[in-house]
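In what follows, a single structure is set out as structure tokens and then discussed.
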Amino acid sequence: MATRMKLKLKTVFVMYFMVSLMGLIYALMQLGQRCDCTEHITVKDRTISRLQEELHRLKDVIKNSEATRRPPKQPARGPTPTVFVITPTYARLVQKAELTRLSQTFLHVPQLHWIVVEDSPQKTPLVSDLLKKSGLIYTHLHVPTAKDQKLQEGDPNWLKPRGVQQRNEGLRWLREDRRAEAGADNYGVVYFADDDNTYSLQVFEEMRSTQRVSVWPVGLVGGMKYERPVVEGGKVVRFHTGWRPNRPFPMDMAGFAVSLKLVLANPDACFDGNAPMGFLESSFLQGLVTIDELEPKADNCTKVLVWHTRTEKPKMKREEAMQAQGLGSDPALEV
Ligand SMILES: *[C@@H]1O[C@H](CO)[C@@H](O)[C@H](O)[C@H]1NC(C)=O
């Protein structure tokens with residue numbers, strides 16, 4: 001039994017050896033032979049040219065996909081217009097939270113210049129520090145609201161328009177600064193962004209191409225799901241609003257932008273703090289543009305890209321109770 005096994009193993013080994021040897025001899029013979037090389041070369045050439053074609057095709061595919069992935073570039077009409085955002089702000093518990101949120105939205109917007117106008121007799125350290133650390137291009141201004149224009153404690157919000165003198169101060173600075181900028185092309189657009197609204201990044205790209213005044217819907221405003229200009233044949237024909245649609249421009253502040261050129265060409269256009277309720281936007285736009293000239297954005301005003309959100313006033317009942325016991329939060333800790 002054992003010998004037979006041995007024998008078998010031996011046979012297998014010999015056969016393996018023979019087969020290997022034959023393979024080796026065959027390979028050596030092949031090496032020595034002259035082959036029909038022209039055929040091999042043409043096959044190689046064809047393979048190479050096919051691979052080159054494939055490479056070109058892939059390069060095209062990559063080029064095309066890059067072109068579609070990039071945001072549509074401004075056509076070669078000059079530099080990207082700057083978006084000048086004017087934000088009125090005033091001291092309150094949620095101010096830092098609001099400005100932080102807003103500034104971090106703006107960090108995602110190219111070519112944005114933030115003009116922050118405080119309703120205060122001086123620039124406050126809170127806003128100064130926040131702006132310094134923001135990483136944004138900014139201008140910090142301040143103007144206190146005149147006593148007779150100010151809301152008194154307990155007045156409803158709608159009694160007097162807020163931020164009027166601050167927005168006008170922003171306009172004043174723009175007119176002075178941009179005039180002084182000798183030879184500036186004044187490509188730009190001006191937008192009034194309150195510090196509590198919510199802004200999609202897309203709305204800034206929509207407004208960037210504004211020629212005179214561009215418009216779009218605003219969500220959660222005026223007691224409605226949205227208000228918007230109604231567009232027919234590419235023109236604004238009326239407004240979807242729940243209240244006094246016959247106002248000259250029944251729009252929210254967040255729903256329009258004005259080209260810098262138009263602002264500079266109309267040095268007297270500003271917001272009228274004495275305008276009746278709901279007529280503040282109209283007081284500014286009336287002298288600048290007609291309904292017919294409005295440029296609808298956001299897919300002919302069918303997309304909501306900005307929301308008139310309101311931040312709830314935080315309750316301080318426990319803080320007050322703790323303060324009464326001398327255990328209030330550290331006033332030196334900025335919130
Ligand atoms: C807006 O409407 C006009 C006229 O109907 C049309 O030509 C245009 O393509 C529309 N634009 C968009 C972005 O939907």
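Each Cβ is built from the backbone N, Cα and C atoms, and glycine gets one as well.
Here the structure is a predicted model, which means the values were calculated and not measured.
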Of ASP60, ASP119, ASP129, ASP272, the one that TrEMBL places in the same UDP-alpha-D-glucuronate site as PRO88, THR89, TYR90, ARG162, ARG167, ASP194, ASP195, ASP196, HIS308, THR309, ARG310 is ASP119
GLU227 (site 'Interaction with galactose moiety of substrate glycoprotein') sits from THR309 (UDP-alpha-D-glucuronate binding site) (Cα to Cα, rounded, in Å) at a distance of 13
If we take the residues PRO88, THR89, TYR90, ASP119, ARG162, ARG167, ASP194, ASP195, ASP196, HIS308, THR309, ARG310 that the record assigns to UDP-alpha-D-glucuronate, their largest CA-CA distance in Å comes out at 21
Of PRO88, ASP194, ASP196, ASN300, the recorded positions whose C-beta sits under 6 angstroms from any atom of ligand 1 are ASN300
Of the recorded positions GLU227, GLU281, ASN300, the one whose Cα sits nearest to the Cα of ASP194 (UDP-alpha-D-glucuronate binding site) is GLU281
Within the same chain, the residues at least 6 apart in sequence whose Cβ is under 8 angstroms from that of ASN300 (N-linked glycosylation site) are VAL231, GLY234
Counted with DSSP (H/G/I as helix, E/B as strand, rest coil), the region 'Disordered' (315-335) has 8 helix, 0 strand, 13 coil
